[in-house]
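J.: Annotations for this protein, taken from TrEMBL, read as follows:
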type	residues	note
TRANSMEM	12-34	transmembrane segment
TRANSMEM	46-66	transmembrane segment
TRANSMEM	78-97	transmembrane segment
TRANSMEM	109-127	transmembrane segment
TRANSMEM	139-163	transmembrane segment
TRANSMEM	183-207	transmembrane segment
Amino acid sequence: MAAKEPSPIVKSYLILYNAAQVVGWCYMLYQLIAYYTIDKGTEKTLWDYLGFTVILFQNAALLEIVHAFTRIVPSNPVITTFQVLSRVMVVCGVVMATPTGKVSPGLPLAILAWSVTEIIRYAYYALNLIDAVPKLLIFLRYTTFIVLYPTGVTGELLCFFWAQSHVANTKQWSIEMPNTYNFTFSYLYFLWAVMLLYIPLFPQLYLHMFAQRKKILGSGSSSGATKQKHN
């Protein structure tokens with residue numbers, strides 16, 4: 001179902017939000033490349049080098065949940081919430097929370113996949129709001145996910161796996177019995193539960209994107225894509 005045209009104020013806000021995200025993720029991709037090229041040999045870890053940028057722009061995506069629930073964009077609120085919170089969980093609950101998560105080999109994989117995906121996605125959203133999406137961008141939006149989605153998921157799962165070893169050794173953020181509230185919680189089990197959720201959810205979301213790709217690109221027309229007004 002097509003969304004109604006947003007008011008000029010809302011439209012301006014969405015354009016600025018998406019444009020800011022494009023700039024932020026472009027800068028993050030530059031930082032990632034620079035870390036392994038022009039600044040190769042720095043004593044900083046990758047997270048020390050670009051962690052602030054990741055925290056800032058990934059958590060800014062929380063606004064997308066607000067956008068979806070307030071219906072200023074036609075995105076599915078439930079799917080949007082899951083997609084955003086899964087990334088925030090990786091950043092805040094895994095990488096920021098543990099020293100092992102920060103040095104996971106999955107971190108550069110995740111950041112590479114996230115940054116390229118988000119540059120394309122936010123650029124698509126911003127240009128879509130002014131009916132100026134080029135065909136190349138439409139093609140990239142509905143094609144690059146084929147490689148980037150599994151790459152990002154692999155990176156995220158590696159971050160989880162590296163983090164769980166630290167949580168297992170320190171019992172971080174866990175609550176054991178006995179205690180006043182007669183309540184127990186294992187952050188280690190929580191991390192494993194989240195990892196296991198990827199098994200049923202990843203194929204569904206991946207196949208959904210293929211269905212969208214067939215819908216948008218299969219007809220050989222960009223009109224269906226440019227009529228969708230997202231955040």
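First residue shown is number 1, and so on along the chain.
Just so you know, glycine gets a Cβ as well, placed from its N, Cα and C.
Because TrEMBL annotations are produced automatically, they should be read as predictions rather than curated entries.
Just so it is clear, the model here is predicted, and its values are computed rather than measured.
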J.: Does the structure show the transmembrane segment (183-207) and the transmembrane segment (46-66) touching, where I'm treating 3 or more Cβ pairs under 8 angstroms (sequence separation 6 or more) as a contact?
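T.: No, the transmembrane segment (183-207) does not contact the transmembrane segment (46-66).
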J.: Which bits of the chain, at least 6 residues beyond where the transmembrane segment (109-127) starts or stops, bring a Cβ under 8 A of a Cβ in it?
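T.: Beyond its ends, the transmembrane segment (109-127) has Cβ neighbours at 14-15, 18-19, 21-22, 25-26, 28-29, 32, 46, 50, 54, 57-58, 87, 90, 133-134, 137-138, 140-141, 144-145, 148-149, 151-152, 154-156, 158-159, 230-231.
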J.: Given a Cβ distance threshold of under 8 angstroms, which distant residues of the chain, six or more beyond its ends, lie next to the transmembrane segment (46-66)?
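T.: Counting only partners 6 or more residues beyond its ends, the transmembrane segment (46-66) has Cβ contacts under 8 Å with 17, 20-21, 24-25, 27-28, 31-32, 35, 39, 73, 75, 77, 80-81, 84-85, 87-88, 91-92, 95-96, 102-103, 107-108, 111, 114, 118, 231.
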